[in-house]
Amino acid sequence: MPEAKKPAAKTDKVAAAPAGEETVQGGQSELTGLFVERPESTTVIKGKNVTFVAKVDSSDLLRKPNMKWLKGKWLDLGSKAGKHVQFKEAYDRNSKVYTYEMSIIKVVEGDAGGYRCEVTSKDKCDSCTFEVTVEAVQEEQPANILDSFKRSGDAGEDAGDLDFSALLKKREKKARDEPKEEVDVWEILKDAKPCDYEKIAFDYGITDLRGLLKRLKKMKKVEPKKSDAFLKKLEQCYSVDKGKRTQMHVELHDPNVQVKWLKNGVEIKPSAKYVFECVGNKRTLTINKCNLSDDAAYECVVGEEKSFTEVFVKEPPVTITKLLDDVHVVVGEKVEFECEVSEEGANVKWMKDGVELTKDGKYRIKKDGKKHTLVINEATIEDIGMYYVYTNGGESKGELEVEAKELEVLQSIADLSVKACEQAMFKCEVSDEKVVGKWFKDGVEVKPGNRIKMSHIGRIHKLTIDDVKPQDEGNYTFVPEGYALSLSAKLNFIEIKIEYVPRQDPPKIHLDTSSTGSKNTIVVVAGNKLRLDVEITGEPAPTVCWMKGDTVISEAEGRVRVETRTTLSSFVIEGAERPDEGQYSIIVTNPAGEDRAELTVKIVDVPNPPENVRCMGVGEDTATITWDPPKFDGGAPIKGYLMERKKQGSSRWTKLNFEVFESTTYEAKKMIEGVFYEMRVFAVNGIGISQPSGNSKPFMPIAPTSEPTRLTVEDVTDSTCALKWRPPERVGAGGVDGYIIEWCKEGEDNWVGANKEPVDKNTYRVKGLPTGEKLLFRVVAMNIAGRSPPCIMKQSVIIREIMEYPKIRLPRQLRTKFIRKVGEKINLVIPFQGKPRPVVNWLKDGEPLENKSVGIRTSDFDTILFIRSAERDHSGTYTLSVQIDNMQDKADIHIQIVDKPGPPINVMVTDVWGFNAALEWKPPKDTGNTDITGYTIQKADKKTQGWFTVYEHNRRPSCTASDLVMGNEYSFRVFSENICGLSDEVAFSKNTAIIGKTDLEYNKPAFKEKDMSSSPKFTAPLVDRVVVAGYSTAISCAVRAYPKAKIVWMKNKMIIGEDPKFLMQNNQGVLTLNIRKPGQFDGGKYSCKAINDLGEDEVECRLEVRVLKEKKEEKGIINTTVIDEN
């Protein structure tokens, strides 16, 4: 909270505050929301005044904003306005800004704390907070602090020791107040009404109203009634360690009563975990081996009474049994921190530099039982630091050190010896293509020029010096930037002196190839320059001829050329290539003779890339990679291989080995299961590293599944066995491609495959088995990772047909009469059992079933009877029999095909009386192969010929039609009805029913006029009103009277005459008195009286007139409205 004190004055727009008052103004920072200026936190001296100012912009508001000043979270200071807390409000019409002020007079220590002001306007709102700190009054120090220093003793000004006691703060001795009588606020609150809680809390300085209400609630708790069922109830709670057992006891009044135990509202059943005990009137629940799921609410129920408790299971702290180890890796390598904890499935927290590590692209967190692992896929320099693992019972730390990769020199620069005007080229190759460096000569940096050129192509750095001069001789060094490494070589300048011998000597070739290691064999690295200087002597100067095989090498300019001087012949190959390899010869001749020399040039290069990189097998996080050696080794033996891998779709390759790997089979480790990878391989010889091989086909590290489960036998015959099993419990990311089933004889180990291709389903019938043998079966799951461990059947199976009695399993709906309508489809599926397969036979009414419209289909397990369109002649008793040898089972099925009935017979009107007619008829001849359920009777009069239903579902063959209309002649028709519906044909009555007319006379009652006379009665009274002076108003009421009443208006019991100020109206009994611009003296008691011959009634009301007075301040900023009540 800021401690800076604010100046004791407002801005120019607000009047100066009284002396001794501090004013808090809003800051100048940019504000958002409705506030233009916000109150700020401040520190004020006890006893001073302080004012807080807030300004609100109302230019975008439709109505005046509402401001609230609050202390803490809930205390509205508006209700505490008075001498101590004062509020002010002003409005500037030009800027449309409301200014709100809150002043605290004579601040006390209780005013310290957090405050909040809220402004709301319709759907907009804003708020801000500020703090008030109250400081005690500081005592004034002496003007001259040196006067407070004294010296002990009487020897003078410089004698004795300094005494600082005068600087100590003097404490005023307070007179002991008489002990005040202590007041128990809680007793006051306990007897007070809830509406007075806030006032009492404010009077006694209680600010936590929520805590106050909670404590009162506990104080007012009614003591529990004594239980009729329990002598002793359960304890409030029980605490038990995880893995231990706990017991809960209750004692009952009735030892014979039954109790129920509930856990979280669900009844507990007795088991090995939950043990119920009953000894006399004591009931005990024992929970064995408690775990976290037992942490719950428990109840003991006796009749309608319950006893509640809670069980808290304490989990022992999880400790770290295997601590983290420090890890040292190279940039780009995979990092794993591994620890073990004391409990499986425990939660641990990984942190680095105080920040919790979560699963993301960089970090992976693995759990495997008690083992927890933090994995960093590719380490960088930024990952260096201390890593921590925390549990609720311990912690461990491990340090990670990451080293930058070392720069490897693949080809160093070599010493050169050149002659004048020749070219010198220094060349080197390093392992990183991005490395740059500088060239130095005798410690001085070499700058490029016309003769000196520097190049950097890939991993190769070159320094070329054309037209070599004597001053170019010296030591040349290449220094890679960022590495403590340098490559050096020397340039030797050769001067040739020719002496003239005026005599003839036979030619002589001085060829020295001893430095190459093999006689007359020169080894050149492909791409390098070969310059072979051969000294030739002889007088006169001999003629030199260079040949490759039988081909003469000309002296013309070119990549392969011969440069000849007086005593020196140079054979030059620029950028040696593999075709340049071969046998070369030099022949020199002069008149004195001939000399000849043979030499072999061998071109060595980096090898070709390896071929056919492929994955031979995978594991959970490993893969076995193999490849073929390169076809060309570059002329130098292959030293080994370097491997790289990357995720499919990624362009970032990860190096798997820094040391050369000699074998052509490599096991890559620490890969992520379920992710596709690609591999490539580099070949390495004495010259350098080859280009990368082609990428391998994508492969996925994946582990085989676990073994299938629950291998059982479904069926056995003389040569087959049907098996069934469940999928593996652990499948993994590779899924299951199918299953392989194998069998062998009991006591042998020669497993025979039952299927060549994996089967997808979890069932399979193995065929071609030897009859009578005891066989064992096993199932293996297959996926991309290979075979899973087998699931072997524990007991052997005898391959022999199992005899089973024939049995028909008749469905429930066929055990009673099976009823269908004509034209419907019938499809009856009846399962049966029996081994071997029984013989199935159908009969109808005891005769063989020969009707072609009835189809029969039979399988090994059921038989089907189907009829595409049922007819009435399909009705009958169908008998199904299944038979195996002399064993048989039968079942009867009663099928009834029903249709709509025919019409009734001989419908007659037997009697007519009054408005009624009696009808009778006989049942139909054709009942539709089922019982008649009723009849529907309809009537029609001869005039309209419209048919109307008289009865539906009439069960008797007779009825009485009532409510017939007099004078009409009626005919009748009858439908018969069964379960299929109404008959298609109808039977009409053979005769009609005529309802005759009778003489009727209507006696009209005498008319009696109603007396409407009534005395006056007001249905709506006058209502008291308060009006503003100068604004016209009206008072109204309503009256009911007959004959019409005379209306009299009175003010203060005086009749209002023809005063033009008053206008009296009567509209259909609604009486209105209009008062034009009432004044201060128009207030009073108004009454309205209604009078007629039968009586009178009167209502009255009070009218209050208030006068408005406006009072403006000197500067016209604050407008105050005062209402003067008259």
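Glycine is treated like the rest: Cβ placed from N, Cα and C.
Keep in mind that what you see is a predicted model, and the values were worked out from it rather than measured.
The compositional bias 'Basic and acidic residues' feature in TrEMBL is assigned to 1-13.
TrEMBL lists 1-30 with the feature region 'Disordered'.
According to TrEMBL, the feature domain 'Ig-like' maps to 18-133 (among others).
TrEMBL lists 237-302 (among others) with the feature domain 'Ig-like'. If you take every residue in the domain 'Ig-like' (237-302) and average the pLDDT, you get 89.
For the domain 'Ig-like' (316-401), residue counts in helix, strand and coil come to 3 helix, 47 strand, 36 coil, using DSSP. The domain 'Ig-like' feature in TrEMBL is assigned to 316-401 (among others).
Feature annotation from TrEMBL assigns domain 'Ig-like' to 507-600 (among others). Within the domain 'Ig-like' (507-600), the DSSP-based counts of helix, strand and coil residues read 6 helix, 56 strand, 32 coil.
Feature annotation from TrEMBL assigns domain 'Fibronectin type-III' to 609-705 (among others).
The domain 'Fibronectin type-III' feature in TrEMBL is assigned to 707-802 (among others). Secondary structure of the domain 'Fibronectin type-III' (707-802) per DSSP, as helix, strand and coil residue counts: 0 helix, 45 strand, 51 coil.
For 806-894 (among others), the entry in TrEMBL reads domain 'Ig-like'.
For the domain 'Fibronectin type-III' (903-998), the DSSP counts in helix, strand and coil order read 0 helix, 51 strand, 45 coil. The domain 'Fibronectin type-III' annotation in TrEMBL covers 903-998 (among others).
As annotated by TrEMBL, domain 'Ig-like' applies to 1016-1104 (among others).
Here the domain 'Ig-like' (1016-1104) is broken down by DSSP into helix, strand and coil counts: 3 helix, 58 strand, 28 coil. Touching of the domain 'Ig-like' (316-401) and the domain 'Fibronectin type-III' (609-705) is concluded from the presence of at least three CB pairs under 8 A, sequence neighbours closer than 6 excluded. The stretch in 609-705, 707-802, 1016-1104 that contributes the largest number of Cβ pairs under 8 Å to the domain 'Ig-like' (507-600) is 609-705. Residue counts for the domain 'Ig-like' (806-894) under DSSP, helix first, then strand, then coil, are 6 helix, 53 strand, 30 coil.
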